[in-house]
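Enquirer: In case it helps, TrEMBL gives these features for our protein:
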DOMAIN    19-208  domain 'Metallo-beta-lactamase'
BINDING   61, 63, 138, 208  Zn(2+) 1 binding site
ACT_SITE  65  active site, proton acceptor
BINDING   65, 66, 208, 266  Zn(2+) 2 binding site
């Protein structure tokens with residue numbers, strides 16, 4: 001299973017309906033946070049995600065609305081008896097940020113908080129997938145992240161295997177793992193009965209940024225793009241001034257990249273009562289756009 005849980009979908013200023021930016025990715029039971037705005041741990045409580053299974057936090061940039069939830073979350077983890085390390089990834093100054101957070105917050109959680117500085121092109125390798133960091137374009141050093149799964153084995157053609165004389169049983173497993181097998185003195189190749197590798201899933205989160213064609217190579221064919229859309233198109237000048245995105249600009253880029261689904265987040269408090277203008281602007285260019293809400297979950301299915 002691979003899903004996204006939106007913990008906070010507001011931008012800069014909280015509202016009654018939207019918390020500060022944070023989302024959780026859950027993959028085969030593994031949980032990781034992307035950004036950790038003020039009040040994230042309370043959002044996690046309400047979403048019933050739990051704290052202790054989170055081993056990684058990926059920060060896009062160090063503006064307060066994306067980071068102020070970390071000290072409280074770390075302290076709570078310590079109170080609940082955590083002992084294994086917590087890894088925090090981010091752009092330039094992540095180590096300094098963690099040092100200041102620990103010092104001024106008098107944090108003594110009882111476990112290691114390990115900071116990892118990333119730059120454009122860096123990759124965090126994990127079993128079955130990788131997290132790719134790439135440059136985004138905001139007013140401070142910033143990164144986006146792409147979770148890219150490894151390719152999966154091709155589809156096994158059981159009728160063809162039986163036709164070639166392969167008996168059901170352990171030899172089927174070997175063929176599916178890419179091994180050739182011997183049957184009655186003949187070699188049956190895995191490629192004879194297994195189709196080409198199938199792509200893994202791809203989720204992209206860009207954080208605060210102006211939209212850029214530089215993202216196209218990362219976004220190409222993504223199953224889900226979680227993008228900020230702080231403003232509707234009518235506030236394009238404000239978006240440009242603050243280095244944020246409009247819903248229409250993001251949607252045009254999603255269409256160009258062949259993204260499967262677009263979820264808009266980091267919604268300005270001016271739309272706290274009604275985000276319809278954002279949705280309308282986005283769907284002019286990309287029909288599978290949605291405006292994310294706090295506690296919304298999106299499950300990303302495997303591709304055929």
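Glycine too: its Cβ is placed from the backbone N, Cα and C atoms.
Please treat TrEMBL annotations as automatic predictions, because they have not gone through curation.
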Enquirer: Using the centroid of the Cβ atoms of 61, 63, 138, 208 as reference, list every other same-chain residue with Cβ within 8 Å of it (recorded Zn(2+) 1 site), in sequence order.
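Expert: Sorted by sequence, the hits are 60, 62, 66, 136, 139, 140, 142, 207, 209, 243.
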Enquirer: Please identify, from the recorded positions 65, 208, the residue with the sparsest Cβ neighbourhood, meaning fewest other Cβ atoms within 10 angstroms.
Expert: 65
Enquirer: Determine the Cβ neighbour count for residue 66 (Zn(2+) 2 binding site): the number of other Cβ atoms within 10 Å of its Cβ.
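Expert: So the Cβ neighbour count for residue 66 (Zn(2+) 2 binding site) comes to 28.
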Enquirer: Residue 63 (Zn(2+) 1 binding site) has how many other Cβ neighbours within 10 Å of its own Cβ?
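Expert: Excluding its own Cβ, the number within 10 Å is 19.
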Enquirer: Using the recorded Zn(2+) 2 site (65, 66, 208, 266) as reference, state which further residues of the same chain have their Cβ within 8 Å of the centre of those residues' Cβ atoms, listed in sequence order.
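Expert: Near the Zn(2+) 2 site, the remaining chain residues are 11, 12, 20, 21, 35, 37, 60, 61, 63, 207, 228.
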Enquirer: Measure from the CA atom of residue 266 (Zn(2+) 2 binding site) to the CA atom of residue 63 (Zn(2+) 1 binding site) and give the result in Å, rounded to a whole number.
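Expert: Computed Cα spacing between residue 63 (Zn(2+) 1 binding site) and residue 266 (Zn(2+) 2 binding site) is 13 Å.
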Enquirer: Would you kindly give the Cα-Cα distance separating residue 66 (Zn(2+) 2 binding site) and residue 208 (Zn(2+) 1 binding site), rounded to the nearest Å?
Expert: 9
